[in-house]
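Peer 1: Relevant sequence annotations retrieved from Swiss-Prot are reproduced here:
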BINDING   C295, C353, C356  [4Fe-4S] cluster binding site
Amino acid sequence: MPTWTEHIFYKKTGRIPSPGDVVEVAPDLVGFHDLTGYHVLEVLEHMGKVEVFDNEKVVVAFDHLSPPPNQRAAEIMVYIRRHVKSLGLPHFFDVGGGILHQIILERYAMPGQVIFTADSHGNTAGAVGAFAHGMGATDIAAALKLGKTWLVVPAPFKVEVRGEFPPGVMGKDVALHLLGQFGAEGFNGYSVEVFVERPKVFPMDDRATVGNMSTEMGADALMFIPDAVTAEYLKTARGVDYTPPSLEPGNYADKYTVELGRLEPLVAAPHSVDNVKTVREVEGVEVDQVFIGSCTNGRLRDIATAARILKGRRVKTRCIAIPASYEVFKTAMKLGYIDVLTEAGCVVTYGTCGPCLGGHFGVAGPGEVHLTTSNRNFKGRVGHPEAKIYLANPAVAAATAAEGRIADPRPYLKH
């Protein structure tokens, strides 16, 4: 029987290609945002007439420079809006709509689709079993104009997930565990297929975190094999009926098993995503700012976890919390999570990538220590190159904000 990766490529090419084959693939969806969209549209202009193969299959979101923090950013947005209008693109999310990857996940992505984005973290949509792959501006422009582009077929790698999350452990810790085991770029040339033994214990929001950080692992894609959680998510979020496939074991290049019960809260210490330590090893490090959000950890379960820990407390360091989309913000507000966070002293705003890329709304200064739920911690990622960046899950982030130093969240979750 074919693997899920082979199944997807068979649907697109009419054959099961071998790893390393170069194939042409027609995407089901193409996405870009303000930071990359300018370059994508410039390439289209150089190719002649600015046109897209199917305006219903294009998603555009303003998230990186949103709202525009300077004149140049405002000029870029004016330029993109003009093209969005002239092309008649209906799936456009202006300032306040949210982060592109979250929007695609909650509104559009379906199991078995092929999705290309002009951003490396488009693989977030792998949470629902889509082959989601980031590309540069030139390749995205070609895909938009021609309705197809080339891919090197990756080798399938199977990850089995067993057990259930202990208190204080989340999807971020699965991602950090894999990074610690295989290293940054350890999955180069692979399409990672994740099978969850007990689907209900691994929520969709946590799956999205793992898919998102597969970029840091070097994976071409990471897909959770569709199951009951996938079907429930699609029904609840969009009213779509979906029946998960019954897959027989396929032939994989390699396999690995994650035992959730053996994990504990993990932290990626400066200055590499694979410099992974347990929270106990870095506990007590004083922190200047905490960021809870991003396309990695700005979903409802992330915000709810932070609110649970911070309820009735005041933060002892700067704390910025950003839900990843308007839908997440709206739901978090209805459930009271936004009130809890603001009363705790957090600065809360709508979906923007600002702090994650060191662009605005919380840039790191020289010598500062930042703990963030985002996905990268190399020098200069969140601002000044002399800043130190730690990556962790939202529970660790909230506990750290409560204490002003890196803290184990488990004592906060005992009752």
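Glycine is treated like the rest: Cβ placed from N, Cα and C.
Fair warning: this is a prediction, and the values are worked out from it, not measured in the lab.
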Peer 1: Work out the three-state DSSP category of C356 ([4Fe-4S] cluster binding site).
Peer 2: coil
Peer 1: Taking the centroid of the Cβ atoms of C295, C353, C356 ([4Fe-4S] cluster site), which other same-chain residues have Cβ within 8 Å of it?
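Peer 2: Neighbours within 8 Å of the Cβ centroid, excluding C295, C353, C356: D63, H64, I99, H121, G293, S294, T296, G298, A324, T352, G354, P355, L357, S374, N375.
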Peer 1: Under 8 Å Cβ-Cβ from C295 ([4Fe-4S] cluster binding site), six or more apart in the same chain: what's there?
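Peer 2: In sequence order, I99, L100, H101, Q102, H121, T124, N212, A324, C353, C356, S374, N375 meet the Cβ cut-off.
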Peer 1: Can you tell which of C353, C356 has the least company, meaning the fewest other C-beta atoms within 10 angstroms of its C-beta, among these binding-site residues?
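Peer 2: Across C353, C356, these binding-site residues, the one with fewest Cβ atoms within 10 Å is C356.
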